[in-house]
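These come from Swiss-Prot:
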{"type": "DOMAIN", "residues": "1-167", "note": "domain 'FeoB-type G'"}
{"type": "BINDING", "residues": "Gly8, Asn9, Pro10, Asn11, Cys12, Gly13, Lys14, Thr15", "note": "GTP 1 binding site"}
{"type": "BINDING", "residues": "Gly33, Val34, Thr35, Val36, Glu37", "note": "GTP 2 binding site"}
{"type": "BINDING", "residues": "Asp54, Leu55, Pro56, Gly57", "note": "GTP 3 binding site"}
{"type": "BINDING", "residues": "Asn118, Met119, Met120, Asp121, Gln147, Ala148, His149", "note": "GTP binding site"}
{"type": "TRANSMEM", "residues": "276-296", "note": "transmembrane segment"}
{"type": "TRANSMEM", "residues": "341-361", "note": "transmembrane segment"}
{"type": "TRANSMEM", "residues": "385-405", "note": "transmembrane segment"}
{"type": "TRANSMEM", "residues": "422-442", "note": "transmembrane segment"}
{"type": "TRANSMEM", "residues": "447-467", "note": "transmembrane segment"}
{"type": "TRANSMEM", "residues": "512-532", "note": "transmembrane segment"}
{"type": "TRANSMEM", "residues": "539-559", "note": "transmembrane segment"}
{"type": "TRANSMEM", "residues": "657-677", "note": "transmembrane segment"}
{"type": "TRANSMEM", "residues": "685-705", "note": "transmembrane segment"}
{"type": "TRANSMEM", "residues": "715-735", "note": "transmembrane segment"}
Amino acid sequence: MTHALLIGNPNCGKTTLFNALTNANQRVGNWPGVTVEKKTGEFLLGEHLIEITDLPGVYSLVANAEGISQDEQIAAQSVIDLEYDCIINVIDACHLERHLYLTSQLFELGKPVVVALNMMDIAEHRGISIDTEKLESLLGCSVIPIQAHKNIGVPALQQSLLHCSQKIKPLKLSLSVAAQQILNDLENQLISKGYKNSFAYYFSRRLAEGDTLIGEKAFTESLLIKLQKTEQNLDVLLADARYQKIHEIVTLVQKKHSDASEHFTAKLDKLVLHRFLALPIFFAMMYLMFLFAINIGGAFQDFFDISTETIFVQGSGWLLQQLHAPNWVIALVANGIGKGINTTITFIPVIAAMFFFLSLLETSGYMARAAFVVDKAMRAMGLPGKSFVPMIVGFGCNVPAIMAARTLDSERDRLLTVMMSPFMSCSARLAIYAVFVAAFFPSGGHNVVFSLYLIGILMAVFTGYILRKTTLKGHASPLILELPAYHRPSLRRLLRETSLRLRFFVYRAGKLIIPICVILGGLNAITWGGGISSGEANTDSLLSIIGQWITPLFAPMGIHQDNWPATVGLLTGMLAKEVVVGTLNSLYAQVGHVGEITAAHFDFLGGIKAAFGSIPANLSELGSALWNPVSASAADSELSQSVYGIMSRRFDGAVGAYAYLLFVLLYIPCVSTMAVIRQEANKRFMWTSIVWSFVVAYATSVVFYQGAKFLEHPQQSMIWILAMSLSLLFVLAVFRYSQYGMGRQNAAANT
């Protein structure tokens, strides 16, 4: 077996190449001692197994403990600590000179190296030609031109790994005699301590460049002081010598014929990064994403809903009736397992549409620019602009968004991002929005969803601002991010990335929703006295009584006593937001007698025909939904006979539904998110996030509902609005007091 490390600069296409090399044969774990995700994969060439470890993207292997991210530390340590046979160095052909700096450091390890020269098609389009044979000769290692996103050159790269055994010699750098003597003395000291010649050579260069994580700097201090007395800093001399050598190589192998594509990127950036237009363009992109997800994805939602309802709910119920199964078994299987499957599959088109659009923004190169657009606004409030990159990930799931905060340099910025990320609307919340949009906002639903996403972003920024003023005071780190050239992503790549994200989401959602639906079905079938109810709605069930006990707490935000299923949905939503839809779907179906199956009513072929018929019907109305949403289809009027109809009667109209959605958006993160907050920060920040999110969610929902209903009961509304305002002020005061308390404790500890 051959074990290879995959390393390169950020945005060089390393992850795309990793996916192309390993396909689906990947494993995800954690690096020892830290929470950074470790990705490994493997593939077979004949009978030879090759294992690939994907290292985090880095610009340099110099790891200075001051201001280094966990990702950079992992990459720097891995090339030393891991057992491997060769290194695959991914280089962006459009930025050859910049990326060869990391290559020059890798050569000093003395290990076999294969250079994967990626994005050759983009380089050619930008008028850049590279003589790969001459580059291979000058570097002394294999150089394989590839286009990872099209799988071009990947088989040749795989074959090269079979013959990758020749150790690479370091580049010959032009250094002064004094500097070279210091490096030689440093190398000899390391050899005398038992290091192999290759590692001694590598360590001497890293130590001279200021690497504080090697662990051997103490005994070399005298040599470094000697150098400082004679001439410039050695780290500067080494960097200058590297760039000089790299420039010589690039001059010999690279020619620029035309920069038309570069001009296109520059011209487009003048618009996208315009001082006044950049922010409106960013919001327009976000708006288009929700428009695309709700309208395009929603056009296929009825197909998945009707077909799975016919097969898994009505079909399983009918079959069990034919087998004379007890009512409680029918309820458990049809309205439990069947409804869980139906719920999970129904929101696939909306989630898939959003993942597709997110992949489009990311692969095109726009998402990196979005971080720069919001950087100025966030830094004005003392918040790190780099936080926005993990927060964008939160549109898919809050868990990887929080984990992505580890790429930030300072501990303060990491903690701020961890606390801000849960307010980003994840894809599970989008599934909830889609259900309520269908029931309460059939016209212009994308505007409702856009407003919720915007409120989530604003609340995240507000949370960061409050923490910056209280418990996490300090200055934001500057944003340093490479802007990739604009790409025209291939449909195959977009579909592949969408499929990978969707499969993970459906698996995660399904394994939670289906068991929860079964449990809810059981609790709704068991009476308070311990008996078993029939398949009809039971107001004496355990679930009903628990929900009715808690429901008065939510009365100020418009949830009335008879709408206890909505309360239960919030409770189960703390387990996972995906479960909310399943809870509502299951309970409203049972409360409203929806889904009761009899042999006379079940029509399998009719249901499947209706499912397929919904696609052209919804697509025919797509134009009016996109361009004239106010007069969009009236097809949703038939929802009065379904779960949506039951929901619309239980909630206090659109105002009550929107107040409920505000609470869903802002309240306590799911258990997975809470666990990762504790993992990435600590228990104190986890509980702070729980309390803060609940208070903010409750106050926002109550203030909105009472404000909307102010004319109906002005005195009551005024009392609630004032009470919520005071509760927020109290929590803010606690934050501020806790900071002072911490300050006194630290001062006492230091004396």
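Our numbering is plain: 1 for the first residue shown, then up by one each step along the chain.
Cβ from N, Cα, C; glycine included.
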### Query
Once the chains shown are all counted, how many other Cβ atoms turn up within 10 Å of the Cβ of Met120 (GTP binding site)?
23
### Message
Looking only at the recorded stretches 276-296, 422-442, 657-677, 715-735, which one has the largest tally of CB-CB distances under 8 Å to the transmembrane segment (539-559)?
### Response
657-677
### Message
For the domain 'FeoB-type G' (1-167), report the average pLDDT of the model, please.
### Response
84
### Query
So which residues does the transmembrane segment (276-296) touch in its own chain, when a touch means Cβ under 8 Å and the partner is 6 or more beyond its ends?
350-351, 353-354, 356-358, 361, 366, 370, 373-374, 377, 430, 434, 437, 445-446, 449-450, 453-454, 622, 625-626
### Task
Give residue numbers and ranges for long-range contacts of the transmembrane segment (341-361): same chain, 6 or more residues beyond its ends, CB-CB under 8 A.
285, 288-290, 292-294, 296-301, 303-305, 308-309, 312-313, 367, 370, 392, 395-396, 427, 430-431, 434-435, 489, 493-495, 497-498, 501-502, 505-506, 509-510, 513-514, 517, 578, 581-582, 585-586
### Summary
The answer for the transmembrane segment (385-405), taking Cβ pairs under 8 Å and residues 6+ beyond its ends, is 35, 37, 354-355, 358, 367-368, 370-372, 374-376, 378-379, 413-414, 416-418, 420-422, 424-428, 453, 457, 460, 464, 476-477, 479, 481, 501, 505, 669-670, 672-673, 676-677, 680
### Message
I want to verify one value. Collapsing DSSP to three states, which class is His149 (GTP binding site)?
### Response
helix
### Summary
Rounded Cα distance, in Å, between Met119 (GTP binding site) and Gly8 (GTP 1 binding site) is 13
### Task
Determine, for the GTP site, the additional residues of the same chain whose CB lies within 8 Å of the mean position of the CB atoms of Asn118, Met119, Met120, Asp121, Gln147, Ala148, His149; present them in sequence order.
Gly13, Ala93, Ile122, Ile146, Lys150, Ile152, Gly153
### Summary
Across all protein chains shown, the one of the binding-site residues Asp54, Asp121 with the most other Cβ atoms within 10 Å of its Cβ is Asp54
### Task
Give residue numbers and ranges for long-range contacts of the transmembrane segment (657-677): same chain, 6 or more residues beyond its ends, CB-CB under 8 A.
398-399, 402-403, 418-419, 422-423, 425, 428-429, 432-433, 436, 439-441, 448, 452, 455-456, 459, 554, 557-559, 566, 570, 573-577, 580, 647, 651, 685-686, 689-690, 693-694, 696-698, 700-702, 704-705, 708
### Message
According to DSSP, does Gly57 (GTP 3 binding site) sit in a helix, a strand, or coil?
### Response
coil
